[in-house]
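Here is what TrEMBL says about this protein:
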DOMAIN    71-374  domain 'SAM-dependent MTase RsmB/NOP-type'
BINDING   C174, A175, A176, P177, G178, G179, K180, D197, D228, D246  S-adenosyl-L-methionine binding site
ACT_SITE  C301  active site, nucleophile
Amino acid sequence: FPHKAATAPRVSSTRLALHHFDRSYSLHLGALWPSVRAGLLCEQKYGALLNNFAAADHVPRELELLNATDFVSEASQKAQQWQQGSAVGEAARACQEGSGEGRSVTQAETSPLLCASISSKIKCYTFPRGDITRFCPARPDALGLLEYYLMDAASLLPVLALNVQPDDFVLDLCAAPGGKTLALLQTGFCGHLAANDVSVSRTKRLYQILHSYVPKEVRDTVSVTSYDGRDWDQVEGGTFHKVLVDVPCTTDRHSAMEEDNNIFHKRRTKERQMLPMLQLQLLMAGILATKPGGEVVYSTCSLSPLQNECVVERALDIAEAQFNISIHVEDLSHFRMLFQDTFSFFSDCQLGELVLPHLTANFGPMYFCKLRRM
């Protein structure tokens, strides 16, 4: 008799991930899921985050010749046009009110701080929708600093939402591998930046990025640590103006495509099931690390409402009930309007904003939600 297999054939982690996504996201995203699924399974699109510390004045021109554009400055210009339109609208309405005519709300009125929220020094070039050109690897300048950093452009949205102001004390609680930390430094506004990650090996990658992109005098303003982020309030509670909590998650795109280090591996089932609890503990630590009046941005690269809105809702309840801290959820719907030319947003997100992968704009997934500690 042929030898009978003692164990059932191993199902790949990517297949398990897709099976899980098909069940849960088809309910959550409905008719959008087939399109999002196709995006997850195709090559990811990147943006080139310009390195303001490198002597690379020629780089924008080179990228523009390739038909790439800086999506941040485009959004900033759009915001300014809206505000000018709003001012004109105000004057027109003053006349209309004399004649008793009705009023219409312009887009700009929905958020008077549109310009302020993205008047950032961050510059990130992307190719237009439908253009799948790849960026070349970055070159070093005369001092050896690389000219740009390739990353999912949607990963910049949480950093832009944080809206760092001059001399802010900033905490990046789960900082490795370092793309968002680098973006925070590009603002030029961090009075001090604490970059923390529980994983020592991932922190090494963070050090590499800092050394490849950031001059020593700026690196000296960054403290890199490897604490368990859940305990951060015991290290430095209530001291930061801005906190980024970019939590470990099911990293949906990686889980759907890569066997290596896949959280859907059978041996990691328990770890995966515990993710929302870990995420909640990290978000609570981030809230407690913030000064009253300070702001927290929570983010994941997952489509899962259990890891996104549900974690935020639970944190709001716990902050109020256990710590007597009142939290205000900031409205980020203007991000959807400002960046809709670059990203596909999920219009039915209950709290925060969610970028959906799409074949013509294959960034994300990226969920982000902004909280203010009252």
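Cβ atoms are placed via backbone N, Cα and C, with glycine included.
Whatever TrEMBL says is automated annotation, not expert-curated.
Residues C174, A175, A176, P177, G178, G179, K180, D197, D228, D246 are listed as the S-adenosyl-L-methionine binders, and the farthest two of them sit 20 Å apart at their Cα atoms.
Averaged over the domain 'SAM-dependent MTase RsmB/NOP-type' (71-374), the predicted model has a pLDDT of 90. Annotation for C301 (active site, nucleophile): spatial neighbours D152, S155, C249, T251, D252, R253, G364, P365, M366, Y367, criterion Cβ-Cβ under 8 Å with sequence separation of six or more.
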